[in-house]
Amino acid sequence: MKKKPNKRDYSPWMFLAPYIIFFTTFIIIPVAAAILLSFTYFNAIETPTFIGLSNYVGLITQDEVFMQKILPNTLTFALIVGPGGYILSFILAWALAQVPKRMRTVLALIIYSPSMTAGVAMAVVWTIIFSGDETGYLNSLLLTMGVLLEPIQWLQSPEYLMKIMIFVTLWGSMGVGFLAMLSGVLNINTEIYEAGYIDGISNRFQEIIYITIPSMKPQMLFGAVMAVVGTFQAGAIGVALSGANPTPQYAGQLMVNHLEDYGFIRYEMGYAAAISVVLLIVVYLFSKVAWRLFGEKD
Amino acid sequence: MSAFQGTRMNPSKFHRSQLKFLAFLIPLAIFMALPIVYIFFHAFKPIDELFAYPPRFFVDNPTFQNFVDLFTKTNDTGVPMSRFLFNSVVVTLIVVVLTVIISTMAGYALSKKNFRMKKAIFEINTLALMFVPAAVMIPRYLLIDELGLINTFLVHILPLLAMPIGLFLVKQFIDQIPDELLEAARLDGASDFQIFVRIIIPLVKPAIATIAILSFQLVWNSIESSSLYVNDEGLKTFSFYMSTLTSTVEGNNVAGQGLAAAASLIMFVPNLIIFIILQSQVMNTMAHSGIK
C-alpha cells in the first residue's frame, strides 16, 4: 500500500507470524542444525563433540561405498530423471497445447495422474508388476513372448534395479512443473508468433527455440526447480522397490538412502549430517544451472 | 510471409493437422495410465484370478472381497485398518485447512504490505522451493524429539504446515489484485482483517484450490511421520500401513496382492477426485507460477 510504514505497524508480522514460525522451526533450524552437526561426532546418546572437517574428509576419502556407488548412482539417477523428466514434461505440454480444450483436459489429467501418488505408495503396484517369479506380470509377458527363458529377479538384481527406479520415477514426474509449463505455453500471446514469422522463422524447431521457450521463461524455471527437487525427493524409491536398505549390492542406493542408513541404522548422526549438507549443496547446484538457463537476472 | 503455417496454440476445434500430436499423445497417455488401470482391475479380482497363471490384466468376475478383507483386517498389534484411515483423514483435513490459511495470510502480507525484510523473506522462500525435506531428516528428528512431539498426533501435522511452494504461488496470485481495490476498501473503513477475508480470499480462490491440492497430496501420501516419529501403532496413518503391505506382497503372498491393490486404490482415488474438481482453478494459478 502507498501508506508509509510507520513504526507501530506490526500488521505484516501478524499475517506472517504463523508461516514464519513453522518455516523457521521445520526448515531453517533443521538446515542450520545439519550444518552444525556435520562438524561433530554424534551418536545420538552422548553430547556431540567437535571434530572439524573429519566427517567430510572421511566421506570423500574413506567411504568407499559413497564414492564408488552412492555418488555415481545419485548422479546417474539425477541426470537422467531430472533433465529427462523435464524435457518430456515440456514436449508433452507443448504438444497438449495444440489440441482442443476438451481433449487436452482429459489427456493432461491422465499424464498428470501418476505424479499424484507416485513414489512409495505406488511401490506396491510396481512390486507386483516386476515380481521375480513367473507370476510377475513382466516376467510372464516376456516368457510368453519368448524373450526370456527363465524369470528374472528384477527388483533384486543389481543390473536392473537402477533402470527400473529411473523408469518408475520418470513415469511419475509429470507433476506441478508439467502443469505450470502447460499453462505457460497456453498463455503465450499469439501475436508474438505472427511477429516471429514475419521476422523469418521458418520451422517449428526454430519457433520453439526462439519464441515458445523465451516467452515462458518464468514457467520454465519454475518447472526446472520442481524437476530438481522432485528428482532428489524420489530417493526412497529404490529401498521401497527392493524392500531393503541397503539395496542389493548398493545398486539402487542414493544419497537419501545412505543418509538414512547412517542416521537411523548406524546412529552416526554427525556423519549423516555431513551427507545431508553435501546433498543440499548438490540440489542447490542443480537448481543454479536451471537459474542460469532461464532466470531473468543473474 | 513464408508458406509455413504457424503453430496454432490452444485451438478451439479439431483439425486434421492436430492428428500428429494426438498420434504421439494418446499412445503415451495410455501407456502412462496402464499401471493405474491395473490397480483398478487388480483390486476387484477374486482370489482365483489373483492366483491365475498366466496372470491376467483384466478382471473377469469383479468382487469387493479385497476391500472387505482390507477393512476387517487388523495389523499384527491388533490395530484395525479403519483406525489408520481415520487418522489419515483427520490429519489430512487439518493440514490442508491450516496450510491454506497460513500461506494465504503470509502471501497477503508479502504481496500487499510494505515493510523491511519483505524482499528478503520472499527471496528466502524462493530459495526454499529447492528444499528437500528428506535431506535433513536427522536434524528434523532430533528437533522433533527435543520439542517432545515424538508419539503425538501433532507430529503428523506441524512439520507440513509451512509449504514454500504454497506461499510462492499464492503471493504471485495476490500480486495480480490491483492495489486500488484494497485502497478503496480501506477508505470505506474496512480493517485489515476484513480486507483479507472479504476481498483477498474470494479473489484468490484458484490459488487456494491449488495449495489445497498440493498440500493434500503431500500429507495424504506422506509416510515419513509415521515411520520415523511415531511408535504407537494406533497413531499411524493409512499411507504408512499401505507401505507395510509391500513386504506382505513379497514372498509370493498372492492374497496380499489383492489387499495391497485395494489399499492403493483407496490412496489414489481421493487424489484423482479432488484434482478433477479443482483442475481448472489449478491451471489458472499455474499461469502465474513463473519465477521471475
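The backbone N, Cα and C atoms fix where each Cβ goes, and this holds for glycine too.
TrEMBL: automatically predicted annotations, no manual curation.
The transmembrane segment annotation in TrEMBL covers A:12-42, A:75-97, A:109-129, A:160-182, A:221-244, A:264-287. The feature domain 'ABC transmembrane type-1' is assigned by TrEMBL to A:71-290.
Remote same-chain partners of the transmembrane segment (A:264-287), defined as residues 6 or more beyond its termini with a Cβ less than 8 Å from a stretch Cβ, comprise 31, 33-45, 48, 51, 55-56, 58-59, 66, 74, 78, 82, 224-225, 228-229, 231-232, 245, 255-256, 258. By number of Cβ pairs under 8 Å, the transmembrane segment (A:75-97) is matched best by A:160-182 from the list A:12-42, A:109-129, A:160-182, A:221-244.
Counting same-chain residues at least six beyond the ends of the transmembrane segment (A:221-244), those with a Cβ under 8 angstroms from any Cβ of the stretch are 74, 77-78, 81-83, 85-86, 89-90, 118-120, 123, 126-127, 130, 155-156, 161-162, 164-165, 168-169, 172-173, 175-178, 180-181, 184, 251-257, 260, 279, 282-283, 286-287, 290-291, 293-295. Listed as Cβ neighbours of the transmembrane segment (A:109-129) (distance under 8 Å, sequence separation of 6 or more from its ends, same chain) are residues 92, 96, 136-138, 155, 164, 168-169, 171-176, 178-179, 233-234, 236-237, 240-241, 243.
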